[in-house]
Amino acid sequence: MDTKEKNLPSTRWFNPKLLQLKVTLFLLFGATSALTPYLTIHMQSIGLTVEEVASVYLTLLFTSCLSPPLTGYLIDRFGRYKPVLLTSIVLNAVSHHLIHFIPARDATATQHRSWNVSLADDSSALFINAVICPNEVYLNATCTSNATTSLPTYLTTSDTRCGNLIIPECAFSELSTGSLTLVERIPLITEYDETFWTYLAVRFVAASMLASTLTITDPIALDMVEQYGGDFGREKLYSSVGMAIFTPLTGLMIDACSSGSGPTETVYTPAFYTYDLLLLGSLVSVSLMPIGRKVPSDSVMKDTRRILRLPPVLAFLAFLFLLGNFWGFIESYLFVIMKSMGSPNYLLGLTYTVGTVASIPMMYLLERITQRVGHVNLLAIAFFAHALRILGYSWITNPFWCFPIELNEAISCYFMWVVATTYCAVLAPNNLVATLIGIAGMVHFCLGKGVGAFVGGFLIARVGLTLAFRYVGYLAIGCGVLYKLVHLLWLHKYDGRSQSSPEPGHPAVAELVKRRASILPKVDQFGSVVSFGGLTRTKMDDARGCTVEEQAPLEKG
């Protein structure tokens, strides 16, 4: 390889060799954020119950664990990135589009339940005369209209919050003069039937292909930056831009297509076709990328036994798993609770944009904040940020209050993960930093997220959306307090004992901070952490002044 080409300065304003990398990251992550955030509410639209949604997420937990090693085997088998990436993109598009063709369950009503509903004096809420909340957020009224009104609803017997009730505007005038009898349809639904198993099979393949696709992006980005110059954080920033743009854009298109379909029907076709078009564009972009052959990397789990003998590491991983639970819960059911408030789909998408955009300036203050506050305190704050975000949605009745709530995502997700990766440089011995980053990613993004989505679904089915969010939010506060207490009473005595306990300003930590911008976009559950490990270890060892073998450059072609 030409040495001059390999050492292009990272300050160069335009590097033509990295243009296709930017386009590919923008399209791939833009496609992912255009569809996957809406899949939970799409599952409900075809008739899956909350328990079945939870079961789906439990099964998908295994895709995050199986896909990275399978992808690594295929890359080893062929010796090149490009054929594996192109194949996974094609299978990714086909399998996800098949989800769109899964027929909805038959919602033929077998019985009806009547509810007597009255309007509050200030017209700000509805009261329902019953002892239990209705199962549906939209109930049949005495008239039918495409225009609807959504108001918070409470039981008159106990003041229990039922979420928001959507009624036709033509029936609203009747409520203004007295009470109105609404009828709830109770469909004949057999759980875990053919619809569920068909969806589960297709979704399992689709999620595996998605994880494989995203797993390969980081080693490609790392290797191309190493070969042609540039900055990893700047290149990964384009994936965040794609996420910030396409999630709300897809929501707008869903709203536009659903406007004439009746008040209870949502058309998700735009999300699936946007996904297809962006992946098609990424196929063209990947085919033009100057990707070389695979660089051998170390196994992430090789030194697991050694790393897990350290008490502060065990505590760190345990609480990182809990953080993953809270993240998995809100990411899986955020759109569900917002839809219960009558949120338009474009607003659902904007929740992604707010968190992503807010995280960017914060990342550039990371090193300074970490020096002043400390890693443990920042991780404890991440619990409280999750709690504020989760509790916030249990308190509001207007979905447009999501904007100040979603600012917490910058701390609880993006900021937290960069703090966690730099904390790995503090906890682990020199030669195990990359291993700990890989294990931390698996614990948080794979195990934690999957368990949180699974348990959260069953909690919602038992106590309802609002109470489930409230209970989980209070639990997040308790975990944050517990982590700080455990550190104060026990773990603080291990601070500084490790041979690799650098301060936040140490070059080892600074190298990780340098890659701050979207080190791991939230739609990538696991792959980025695994692939990030190989190059990170080389960089970390170099920063510490140890003698290590330099990473071999990519072979051209």
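Each Cβ is built from the backbone N, Cα and C atoms, and glycine gets one as well.
Because TrEMBL annotations are produced automatically, they should be read as predictions rather than curated entries.
Bear in mind that the values here come from a model prediction, so they are computed numbers and not experimental data.
According to TrEMBL, the feature domain 'Major facilitator superfamily associated' maps to 18-470.
Residues or ranges marked as transmembrane segment by TrEMBL: 21-41 (among others).
Residues annotated as transmembrane segment in TrEMBL: 53-75 (among others). Long-range Cβ contacts of the transmembrane segment (53-75) within its own chain (Cβ-Cβ under 8 Å, at least 6 residues beyond either end) map to 40, 43-44, 81, 84, 88, 192, 196, 199-200, 203-204, 207-208, 211-212, 215-216, 294, 328, 332, 442, 445-447, 449-451, 453-458, 461, 525-527, 530-531.
Residues 22-23, 25-35, 37-38, 217, 266-268, 270-271, 274, 278, 344-353, 356-357, 359-360, 517-518, 521, 523 of the same chain, all 6+ positions outside the transmembrane segment (237-254), place their C-beta atoms under 8 angstroms from a C-beta of that stretch. The transmembrane segment annotation in TrEMBL covers 237-254 (among others).
Feature annotation from TrEMBL assigns transmembrane segment to 274-292 (among others).
The transmembrane segment annotation in TrEMBL covers 313-334 (among others).
According to TrEMBL, the transmembrane segment annotation covers 346-366 (among others).
The transmembrane segment annotation in TrEMBL covers 378-396 (among others). Listed by sequence, the residues of this chain that lie at least six past the ends of the transmembrane segment (378-396) yet keep a Cβ under 8 A from its Cβ atoms are 316, 319-320, 322-323, 326-327, 329-330, 334, 337-338, 341, 369-370, 402, 404-406, 408-409, 411-412, 415-416, 419-420, 423, 466-467, 469-470, 472-474, 476-477, 479-481, 483-484.
Here TrEMBL flags 416-439 (among others) as transmembrane segment.
The transmembrane segment annotation in TrEMBL covers 446-465 (among others). Non-local neighbours of the transmembrane segment (446-465) in the same chain are 49-51, 53-55, 57-58, 60-61, 64-65, 133, 162-163, 320-329, 331-333, 336-337, 340, 471-472, 525-526; each lies 6+ residues outside the stretch with a CB under 8 Å from one of its CB atoms.
As annotated by TrEMBL, transmembrane segment applies to 471-491 (among others). Proximity of distant same-chain residues to the transmembrane segment (471-491), defined by a Cβ-Cβ separation under 8 Å and at least 6 residues beyond the stretch ends, is recorded for 311-312, 315, 319, 322, 326, 329-330, 376-377, 379-384, 386-388, 390-391, 394, 456, 459, 463.
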Please compute the mean pLDDT of the model over the domain 'Major facilitator superfamily associated' (18-470).
82
